[in-house]
Structures are given as C-alpha cells and as structure tokens.
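S.K.: Below is a structure I'd like to ask you about.
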C-alpha cells in the first residue's frame, strides 16, 4: 500500500519519557516480516486514564481494560500490550480466554500486577487469536525493553495504516519541562464514537488518575470524537494516557489552576495531531478536510451538522472529484436534524464566500471554487445563522481507493 | 450509463387508470434529445395524498406541495408537473418564483385551480431553474394528454436512473377491479428519510383524502423509508398518491374494513416494488441486499440496527467484494445504538447460519459464505436475541461505480 499523499512531511524525533520503556517483536500472527506486537512498561505510580469505543459489541480486550481503569496507581507498575492483525473481537469465550492468557503472560514476564496490564488487539474481527506465539515472545521483549523505542512501538501496531503516527510536545510547569508524546494507529472504520483507533499517550507529568480521566474524556470530544473517515465504529477503539510523574514537576491533583491548563493544552495538541493523522491516513484519502460549523442553535446542533457534512458520501465523493458542489453541503445540513433555515445559511470554501441567503453568492464563480478544490487541505465553513453553537470536524474524501481497500480486506 | 445489472427482467405493461392523463415533452433545460418534463392531469374529485423529504433545507416545490396537500378534493381537478435535470433547490427567491411561474402556467394551460397544481423538480441543486422553456411547452402538452402514456411519464422524470421504474397491480373491491399503478425515479442520495425520489402512484379507487394520507404515511415507513443507497437525503423527495374514484367501486372513507385492507395491500405492493427498484438502480449497485433484523428489544431498535447495517460503508464494500465479512455486520450492530449483546447475536447469510453465541458457528465454512456472496440478490438476517422487534431494510453494495458517478456528477 503506497503511503498516503496526505502523510505529514516532517516526522518528529520521539523523546524519552522517563518511566516508560518499549519493546516490539514479530510473532507472525498475521503479518510476516514485520513487528506486530508492542509492549510498554510503565514505572511504579503511573496514572492510567482511558476512553473506549461505545460499541455495544465491544471486543474482549476493551471490556477487560474498562474493568481495570479508574483505580489510583498507588505504587504499582503497569503495562500495555498490543497485537496487530487480529482484533480478538466477536470470538466468543475464545476472546476472553485469549485476553486472560495474554495479560497473565505479560504480568509474569514484566512482574506487573495482572490487574494493571492493559491489552488491545486490532485487525480482523471474528477469527480466534492464537496466543502461543505472543506469549512465547514475551521474555525476549522484556529483555529488550528500552526507553528509546516509542517510534518502533508506533510502527508495530499498524494494520492498514500507510504511515506510522507519532506526535510530541513539551510544556513548562513551574519551570520544569514536561514531555507529552503519543502514538496511534487507525485509518478506516473511523467514526464520531472513537472508531478503529488505538492511541497511547505518555507523559512524565504527575497527574492523579481522577483528573486525568476527566481531562482525557473532555479532550476526546474535540479530537478523536470529531474525526470521521467512513462513519463506521470499531469494536476495539482504545485511548490510554499514562502519566508517570517522573519529571519532578508539581503534581496535578485537580483541573483548576494554571498548571492543569498548561498540561491540558499540551495534551490537547498531541491528541489533535494524532487525530488529524488518522484522518490523513483515511483509507484511500487524497484530501484532508476541516468542516467548521458556526452559528448553530446549540453546540450539539453544530456537531450534528458538522458530522453530517463530514460523513456524507455525496459530499465526500464531490471532494474526491474536486467538484465545489456546495449543493451537497446544503443537502447534508438539511438531513442532519440540526435546526436550519435555507435562507440563513452561509457557506465558505476556504476564504471564498460560496453561498448566502439561500442561494449562491453573486460574487462566487465556479472557476474560483474549482481552483480551491484542487488543494490537498480544504476547509468548509457553514454558518447556520441560528445561534452561537460551534463545532469543528475533520474528514477526508471518499475515493476509489477506499472501495479497493475495503472490498477485499480479508482476501 | 449502462443499465443496472439488477434491473427487473420483466417490465409490466402499464394500465390505463380512468381519470388520469399524461403528456411529456423535451424542453432541453439540461438534457438534450430526451423528454424531461411530464404532466399528469387528474379528473375532478381526485384525492391526493403525499409525503415529502424531512430535510430542513427542502426545495421550493416541496414547500409548495406541502402547503397544498390535506384539502378534500371536492369536485376539483388536479395536476402534477415534474421537470428533470434541475432540482430548483437552494435557489433563493428564484426558487419560489419558478414554482409560482410553473404552477400558474400549468393552471392556465390545464384549467386546473393553481392550488391543486403539484410540482416537483429533480436534478442539480443550486442552479436557478429557467422556466420559459417549460411554460412554452405546456399548450402542446395539454393537447397531447393521453391515458396511455404513464410509461413515457416514467421515462421523462429520470435523472441518473439507468432504467425506467414502473409498477402495477390490481385488487378486487366487492367484485370491482381496481388498478393501482405508479412510476418512480431515484438512484442515489437515497436514505431512510425518503431520499432523492419522486414517486407518483395512481388508482381508480375512491378513497377520501384523510384516510388516504394516513395509509400512505404508514406504508412509507416500511417501503421508501426502509431503503438506502448512500444514507444521504435529498431536498426534493416527493411521493404523491392520487385516487380518481372512477372505478365505480365503493368509496373508502376510513381504514377499517375489508376493502381498506385489500386496497392497502395493493398499494403496499406497488410502493414496495418501486422502492426495491430504486435500490436496484442504486448508483453503481451490483447486489440487492435485504437486511432483516429480528429479536430486537423494540421496533425502533430493530430499525436502528437494520439501517446501521444497510448504511455501513464497510458492510457495503464487503458485499461489493463478495466477502462474507460477518464481522462488519457485528460492528454495525454494535455502533447502531440498538440494545445488543455480542453473545446473543445470531447471523444468517441466506439460509446459512454464520454466527451465534458470540462467535462463528461451528458448522459455518468460509467456502459456503463465499459461494453465497456471489449471488446478485442477498439476504442478511440478524437476530438480536433481545425481544420481539423486527424491521426489514433494503440496500445495495458500495462499488467503484458509486464513486465514479458521484465524483463528477456536475461535470
């Protein structure tokens, strides 16, 4: 699979996060000749927060992780283990058994309590996950653990991803520099409810579990829950944020105050960067599209309208065809359920005013719209003229590449 | 555009409906060398019922029709006028002006009260509809009116349709034969809320406006609101049912009793036939797929799950690839919001039991699934194991053809 034309041009060097070590291995479960598992070992006292798919048919590893979150770290270590190629989803009791086998083997090999071993599986649904190759790889992985290998971990968790997704930033808490860095995989089955993505973010900040969990939930709404590739939702989505506290900066125990704000801004930046990369690797994507809805009657109406535009097959195929077909944007707003009035809509493509007062703008020309649509990065802004609700979503175009990838994924 | 491989093999002869006359003409508004407008004149006393798109950005002709429905026919005549190629949607005050110009010209030419002239426009959104060519064609159309030309009317209202859609049946009311026959257009932008379709059904039964309206609404839920091509919703959808009362059969004045039941069954058959034809002409479709959900906690949960499966790009691309990827069906149920439990799901492809109790059935083989998926007409049955709610939806596969058609519709 060729690398997405929308892949970031500059790939950052990943920092060492004090308190986190990585190892990867090739188990041959599905992919040959590449690493397909990753292990992250987290120092004693690391807080772990997370959000998961809302699917009613969540995979076994998701159910296991959900049950384990929410406890304060105390002095306990933790571990994250991910395999790519097989989602261990809808595999009946086999699924639960596989999670138990993997978490037990990871616990034994890493000396982490089993109740603090978080796993995820990504790939094909409905095929039992063989665990022997995975458990057999663990002792060597533990021996290989290194704080340097976050980028290798990012590469190991890919499935249909055409590029490795990493993001990093630093913030300053009372003079102490804090690293926040993360990895992600995901390129299809991406929908508002945190679809087929695995995201792992690590920081050396000290943040208590409860405020970290609240912050992650809040930031997910405007990052990973604001992107869509195909409107489909995976059974396996997992986002974990681990805070080791090794930086020596003052601990964040609630979300008030300047340090919490600064840390939240940094975490938001890393989450948004990774979320955008998932869209940029959308299956078959050739255009990255920001959809900004303003002037909605409420924030939920704004989200409804933005996601209806971002998910519309007709809007997305028009973008693929570089067709400034603003009529389809009107159609999507109309079907969204958001309060709207045809004659109050204002639509911009980039800086170009396209439509207002229920009709095309007198200054708009098809030539201007068509020239804009040739860009790789597009922005569609729709003001509903109803109130103050705003929401921004990110999507990609819908191309022959998506059909090709998904019409024969299993073959 | 080649004819859909799913087009019906046998096209029925359309009956004469006493009290209905048709004419068509070529105005050259967008299409060249084919008829693009149709006029139906309805005898005095004809009841007209209808349902329309629920889009918040409904086109001007829809707003006009909605305002005109609901009145008892009395002794008034009525007329239906449709143009294809330009939707007269999101055209600001031009849109309202065009509707006024057309309905006035039709009223003058046909001697039908303007308040009983129902129009619809289908085609590109956002371009003003020139009315001169249309109004100039009317006198000749009135002179050409003929009860024989329902099939020509069906051909004139096509846009991206690859075949003309007609359906007909007869029922017996107390020994008097009743004709029910209809025409439709629509092949993309088809979604649960009565998407880009125009449907006109004519009968010589005598049915009062109020019960006809109730019956049409009820039957729409299990026909046109149960089909999807791409989940998008048009700004122009219109379904009108006109009952001339010329058969001489006893009048239906409420929905109780055997005659109302018999008439309703006939109308349901014609509506379902036309709805299925719209799916069979889905843009790029190569497979016609029935999605039956049973055992849901409620009827609305059943609909939610069925439409989530029927709209899922991943399910629809798997079908295009003839891949029996039941894991994507599980995914779609999971994201639907319907109450579900992975371990209670039972999935059949045709008569083949694929999955039960949270995993693939022990008797299922990929070879059996793959052989089934090669058929043109498929049925996916999902029992949620939660209750007694049922819903059946119809969809098509998602192919390269859809992308090709929609990525350059305007060019």
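The backbone N, Cα and C atoms fix where each Cβ goes, glycine too.
Okay, so TrEMBL annotates it like this:
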BINDING   A:159, A:185, A:196, A:283, A:406, A:411  substrate binding site
ACT_SITE  A:196  active site, nucleophile
S.K.: Highest Cβ count within 10 Å among the binding-site residues A:159, A:406: which residue is it?
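M.R.: Answer by Cβ density within 10 Å: A:406.
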S.K.: Around residue A:185 (substrate binding site), how many other CB atoms lie within 10 A of its CB?
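M.R.: 27, counting other Cβ atoms within 10 Å of residue A:185 (substrate binding site).
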S.K.: On the three-state reduction of DSSP, what should I expect for residue A:283 (substrate binding site)?
M.R.: coil
S.K.: Identify, in sequence order, the binding-site residues in A:159, A:185, A:283, A:406 that approach chain B with a C-beta to C-beta distance under 8 Å; the answer is 'none' if none do.
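M.R.: Cβ contacts with chain B under 8 Å: A:406.
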S.K.: With every protein chain in view, how many other Cβ atoms are within 10 Å of the Cβ of residue A:283 (substrate binding site)?
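M.R.: A 10 Å sphere around the Cβ of residue A:283 (substrate binding site) contains 28 other Cβ atoms.
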